[in-house]
Amino acid sequence: MNLSNLWQSCLLQLQDQVSASDLSTWLRPLQADVVADNHIVLYASNMFVKGWVETHYLAQIQQICQTLAQNPELRISLKEGVKPAPKIVESTPNTSLRSESAVDFQAESSASVKFESHLNTKHLFDNFVEGKSNQLARAVGQKLAQAPGEPSANPFFLYGGTGLGKTHLLHAIGNGILADKPNARVLYIHANNFMQHMVKAVRDNKMDQFKKFYRSLDALLVDDIQFFAEKEKTQEEFFHIFNSLFETGRQIILTSDRYPKEIEKIEERLKSRFGWGLTTAIEPPDLETRVAILLKKAEEHNMNLPEEVAFFIAQRLRTNVRELEGALNRVKAMQDFKGGDIDIDFVRDTLKDILALQERLVTIENIQKVVAEYYRIKVSDLKSKSRARSVTRPRQIAMALAKELTNRSLPEIGRAFDRDHTTVLNACREVPKFREQDNSIQEDWANLIRTLSA
């Protein structure tokens with residue numbers, strides 16, 4: 001096979017082996033360049049794509065290409081950058097490399113005052129449970145911990161609902177930086193505390209010291225940036241701090257409960273800067289991730305939590321990690337008090353009020369109302385026979401949400417929409433595909449989940 005066509009043939013085979021989302025996100029954007037008879041280089045747009053493909057797909061790609069080319073000696077390698085122009089043989093991709101523009105932390109030989117990072121040393125990557133809902137965010141976080149200041153992810157803007165692990169990941173990144181660079185000036189601060197710090201500086205006539213302090217940081221990690229809303233003077237000062245850190249290649253990481261453009265009463269020039277780097281969502285964990293979180297937390301608490309009990313809890317508490325941890329803490333406290341084994345009956349009795357509240361909060365009727373309002377249609381439209389795209393897509397999303405967020409069976413969901421269970425089953429299969437293929441649908445899904453989980 002002609003090596004120049006080999007990559008496209010490889011992609012065709014990969015279509016049957018990886019998800020459509022992974023194919024479009026990680027593999028299709030790669031550019032192939034034949035550099036020798038037995039060597040093909042795949043160019044990745046940035047260090048994160050390169051690292052992810054190397055870890056998860058390179059061995060698979062090499063095997064497929066060797067088989068297609070009938071050449072076991074064929075080598076596939078990855079580089080960060082852009083494929084060189086064909087006529088410029090000796091050109092080197094002009095890329096944003098760590099060695100050129102990332103932060104080069106220098107030890108402070110005579111620091112008179114110990115710098116406080118305010119990082120929680122218990123929040124690490126090792127105890128951050130990975131799932132589809134946070135996989136990309138965690139991968140980017142790990143890369144930034146190793147190479148802070150990478151231009152393609154500066155700033156790194158992390159958004160998602162309450163209790164999904166944004167703060168944990170923020171601390172994990174900071175702790176990761178310090179593990180490699182102990183003298184780095186890494187600061188974690190909540191947006192409210194930043195405002196209080198500024199107010200105190202103004203009151204004490206110490207704004208010069210305030211500005212100098214923040215502009216001297218190697219990495220600034222600000223949690224819940226949405227709290228800057230309506231705080232004009234805070235936004236003004238943060239704008240200048242942001243510019244100073246950004247221009248000198250210092251890492252900025254921000255979290256919010258919503259997408260940057262959706263934060264109200266924040267200056268447009270700030271929101272624009274929030275999107276200069278990489279913006280990534282953390283979504284509510286899926287069932288498998290919720291089970292893994294419960295088992296991991298139980299292990300940390302030396303609890304003997306049977307897997308079927310973890311499934312029982314995870315199937316009923318779906319909104320966020322904090323809710324799962326709270327439920328597990330209650331189960332542990334009750335076991336410490338009563339003794340005995342933890343089984344489903346024990347958990348059902350211990351969590352009966354929480355489970356009952358969850359059933360009341362998220363109902364099919366509530367989902368229908370929220371979806372109808374979101375798409376500006378009527379609830380009756382969701383139950384109608386209309387096949388208009390403006391109705392069918394919201395209807396499918398509402399059905400998939402009902403399956404995700406309630407314990408109702410497919411026939412029960414179908415009856416609520418005046419449909420049979422096969423229609424619901426089809427919606428539950430199609431909506432994940434839509435979310436993978438269309439970012440706007442994925443954004444709608446995340447917004448609806450946040451609204452229903454609030």
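Each residue, glycine too, has its Cβ placed from N, Cα and C.
What Swiss-Prot says about this one:
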type	residues	note
BINDING	Gly163, Gly165, Lys166, Thr167	ATP binding site
REGION	1-80	region 'Domain I, interacts with DnaA modulators'
REGION	80-117	region 'Domain II'
REGION	118-335	region 'Domain III, AAA+ region'
REGION	336-454	region 'Domain IV, binds dsDNA'
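Overlay of Swiss-Prot feature records on the structure.
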residue	record	Cβ neighbours (10 Å)
Gly163	ATP binding site	17
Gly165	ATP binding site	25
Lys166	ATP binding site	23
Thr167	ATP binding site	20
For the ATP site built from Gly163, Gly165, Lys166, Thr167, further residues of that chain with CB within 8 A of the site's CB center: Gly160, Thr162, Leu164, His168, Leu169, Thr255, Ile282, Asn320, Val321, Arg322
Residues in the region 'Domain I, interacts with DnaA modulators' (1-80) grouped by DSSP into helix, strand and remaining coil: 42 helix, 18 strand, 20 coil
Secondary structure content, the region 'Domain IV, binds dsDNA' (336-454) (per DSSP, counts of residues): 93 helix, 0 strand, 26 coil
Model confidence over the region 'Domain I, interacts with DnaA modulators' (1-80), averaged pLDDT: 83
